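The annotation transmembrane segment is assigned in TrEMBL to 65-87, 99-124, 145-166, 181-202, 214-235, 247-266, 458-478, 490-508, 529-551, 557-578.
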Amino acid sequence: MSAEASSLVSAKRRSSVYLKPSFIPEQASLLSLENDPFLPDEPTDQSLYEPTTVWKEIKFVSKNALPLVLTFLMQYSLSLSSLFVIGNLCIDPETGSSAGYLSSASLAVMTYNITGLAVIEGLATSLDTFCSQAFGAKKYSKVGLYTQRCALMILTLLFPILALWWCSEHWLVWLIPQKELLANVQVFLRILSFGVPALTMFETGKRFVQAQGYYNISTYALFFIFPINLIMIYLLTMKYGYKGAPIAIAISQWLMFFSLAGYCVFVKPDTLRCWSTIFPPHVFEEKRGVQKIVTAFKVLIFGTDQNESDTEDDQVEAATNGNEAHLGSASTTYGSILNKGNKPTKKQRKRLAMFQNWKPMIELAWPGLVMIESEYLSFEILTIFSTYLGDEIEIAIQTVLASVGTLIYQDFFAMGCVISTRVAQFIGSYYHELQQTNSVALKTESLAKRNAIKCIKASYILGVLIGFINCSTLIVFAKPFARLFTKDQTVIETSALILPIIAVNQFPDSFNVNSAAILRGQGRQKIGGLLNVIAYYVIGLPLSHFFAFNLGMDIKGLWVGCTAGLTFLALSEFICVVRTDWNHVLDAFIDRLHAEQHL
């Protein structure tokens, strides 16, 4: 970094220009807001700060998406394998059938996905913005801080949801007419609730390492857990019956978290350079172990005493005292950055950093939740629609189609995770430009912006390519895909006739996933959330109902309507990406970093 630090000097428009005044020394940098002993001298991925090309980004995204495809497939198989084992091992002695247990488990998994998994994944999308942009900005310890804050936020929200799971038999009766299944649904959900905290920490931890460019760590962590999970589900179901499957899932979720954490600590300790210390140093200075625990608990609940003047503002005060005339109105540019006059030092009690400043994260997490939840719910509603189309054959066909669609979707989802991280890292590198430049840094000429745009172009090229591959695969191998989920020949034949519709659906879906990922990387989840609600609930589902019931197209009509909604979503999100106001995106990123200044 140069010997001069960046400062903001325009009072008319927030962050319209950035200058490096010569009178502020390096140690008083207004942009360097932290002094982290874990900071490396150079970032891991130096390519973030160098010009890139579309071809380089195509290779980067392709290479790093592959391990994530395996990660998501292994995670997807966790609940799928439990249904398979229950369907084959849990036989009701009175009826001689597993249908009752399988139906209960399916309803429980559906409830778990909508009210648990979707909530975790939706809220965790905020880390696609926060962690990746912080890493690109070389604010490494903030990557860990954001991860801690998001995990805590998710766990806080999940407490009332888990409480509802424990009494689910009483409220699911209003949604599910088969009352005889609800007792087993409640048992399944109660057991799964013990694994939800681990799943929360795994999902946030996964984004913690991905933000640093380590896309394969979660794959390695799951690679060892995957066979253990299959064995546990089989053995525990054999021993404990129906309850054994959710017990195995809950245990596997804790093993997933410990495997990820262990890999980071013992195999890839470089990842810990981005971790943020939770407790202040005086907690660890206690000599007795019990006293350390007591002190840590007090700090966790009541906070810690700090000098009121121990902030970035006071560090620069000496350097800027007497020079306010040079700054003009800089103190109003991003709020009052500089203190004027000498202040007496006094103690104040502050809560730990992970308990502070939740509002910016909630503002991105909430629309992220809407994006994920609206998609989960819409496909479950399609399944509910299918129950009114006739007998069990129609439901079975819809189940096969939805399962195949979910399976083939994993490559899009993996690519989207890499794209959102990469775009956010490039946006974060803009902060590095501000530190390095010695002249006015216009956002229209920013290297960060140019690199992000090239990554976006690469993502759409890959999206079209993978969409074509998925489409061709579904058309050519329609029957083999259907045979993966059923042995009923009627279901196989009918599913194979409808799968070409899902095949065509791959093209708008590729644009949808890529555009949503780009919006997350830019920190524009609000747009994605709004468009998702319109696409699924104003266009997609009403058309699905109209085609299926009014026009008599049955299951085929459900998916034609769904395709119409996805096409609208793909086009609208693509337009939003193309018309990105990069000045606003970069300003918002600087605002998020500045919000942490006093923590």
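Cβ atoms are placed via backbone N, Cα and C, with glycine included.
Bear in mind that TrEMBL entries carry predicted annotations, made automatically and left uncurated.
Between the transmembrane segment (214-235) and the transmembrane segment (65-87) there are 3 or more Cβ pairs closer than 8 Å, counting only residues 6 or more apart in sequence, so the two stretches are in contact. For the transmembrane segment (99-124), the neighbouring stretch richest in Cβ pairs under 8 Å, chosen from 145-166, 181-202, 458-478, 529-551, 557-578, is 181-202.
The recorded stretches the transmembrane segment (145-166) and the transmembrane segment (181-202) share 3+ CB pairs below 8 A when only pairs 6 or more apart in sequence are counted, and are therefore in contact. Under 8 Å from some Cβ of the transmembrane segment (65-87) lie the Cβ atoms of residues 98, 101-102, 105-106, 109, 112-113, 206, 215-216, 218-219, 222-223, 225-226, 229-230, 233-234, 237, 242, 245-246, 248-249, 252-253, 403, 406-407, 410-411, 413-415, 417-418, all in the same chain and six or more residues away from its ends. Here the transmembrane segment (529-551) has Cβ contacts under 8 Å with residues 366-371, 374-375, 377-378, 381-382, 385, 388-389, 557-562, 564-566, 568-569, 572-573, 576 of the same chain, all six or more residues outside its ends.
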